[in-house]
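Pulled from TrEMBL:
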- 103-141: domain 'F-box' (DOMAIN)
- 224-250: repeat 'WD' (REPEAT)
- 251-290: repeat 'WD' (REPEAT)
- 291-330: repeat 'WD' (REPEAT)
- 334-373: repeat 'WD' (REPEAT)
- 374-413: repeat 'WD' (REPEAT)
Amino acid sequence: MSYVESKMETCPSTDERLDIKRVEAVAQINSLNRKTHEPSSAYLQEKDMCTKYFDNWNENDQVSFVEHLLSRMCHYQHGQVNTFLKPMLQRDFISALPAKGLDHVAENILSYLDAKSLYAAELVCKEWYRVISDGMLWKKLIERMVRTDSLWRGLAERRGWGQYLFKPKLGEIPKDHKFYRDLYPQIIQDIERIETNWRTGRHTLQRIHCRSETSKGVYCLQYDDTRIVSGLRDNTIKIWDRNTLECTRVLTGHTGSVLCLQYDQNIIISGSSDSTVRVWDVRSGEMLNTLIHHCEAVLHLRFCDGIMVTCSKDRSIAVWDMQSPTEINLRRVLVGHRAAVNVVDFDEKYIVSASGDRTIKVWSTSTCEFVRTLNGHKRGIACLQYRDRLVVSGSSDNTIRLWDIECGACLRVLEGHEELVRCIRFDNKRIVSGAYDG
């Protein structure tokens, strides 16, 4: 017998298919009839006795007996049983939990929803809406996004709504659920506008014109919503009003060009070609401390959570403990690079340094011990950023490289620049680089 003949024998004919449909239709009619059918007298007489026997059995025996009964039923009877059981197997546990004093469990379950699902959950019933409202789940969703996404974090700071998140300030009246529910689409609208600007290259150009010939060389800067802080070739640090672009204060004290700086709410720390690191009060502009350690220009620095790391043309890296702006002590000097150390970055796990010797070195933040070297660039490395386990570096070989810090592997080489890559930043979505090719 051929394969085709075999398949034809196993496939039902047209008449057989019609018979199957008739059987199914009859089964449906019988199912409907059973709902209105009066039980027989024999059933009524024996039901109570069967129930009594059933109740005397243990749970395992009861289940076995029901399974035995089901095995003796036809498929449309199974359908009737399924229809009967379905409502019993579906339970609104979100509404049931608060009734047992477990509101926090219901809130915790719903807190894992994304925005679209949270909107849908509010429409399920009044009790779900109450759980979401009382649990301030829109506030928690926004807080989760701010913790995990740098764009959200930046918007929280720039737009001012970050003050309503996490722990409220003393004396501040807390916002209600509706405030955060209405805030979410406004944030999304902001983010979509920013993403569109990035994709299309739309921007507004504003210039700050330095007044003197010597101040034209700007070596470093940092900014926020209210100020721009720049380090200049004329040995000064200038603070500019972000809105008016007017210079509001000039910090003097360095005797060489200001090559690097970083500031927070309280202090500015700067490094200079005069080999010193200086600490300044953000509000008053007063110089609070001068650190003398490096024997050549301080090329870069970073500070966070009581630790500062500086690097120098003298090929060394210095790790400092910061008890206060006036009490900063040298913890360890890291030596290993064979040329000037141009840039450093760190977190609680690793310190990462890049040098003109073409290498990136990784050190333990806690012990200051050397961990590994990342090799790949063909010429000196001018810039890098490190976050989580990703390092992105730019070099005078005109390339950008992405590295996995845990294993030291180069993940990707980006080519496109025609000259030295001087600065680089990245977030969850993009890498932005600046080079000498304009």
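Quick reminder: no glycine exception, Cβ is built from N, Cα and C everywhere.
Within the chain, the domain 'F-box' (103-141) has long-range Cβ neighbours (under 8 A, six or more residues past its boundaries) at 92-95, 97, 164-165, 175, 177, 180-181, 183-184, 188. Remark: secondary structure over the repeat 'WD' (251-290) totals 0 helix, 23 strand, 17 coil, with classes taken from DSSP.
Mapped onto DSSP classes, the domain 'F-box' (103-141) shows 30 helix, 0 strand, 9 coil.
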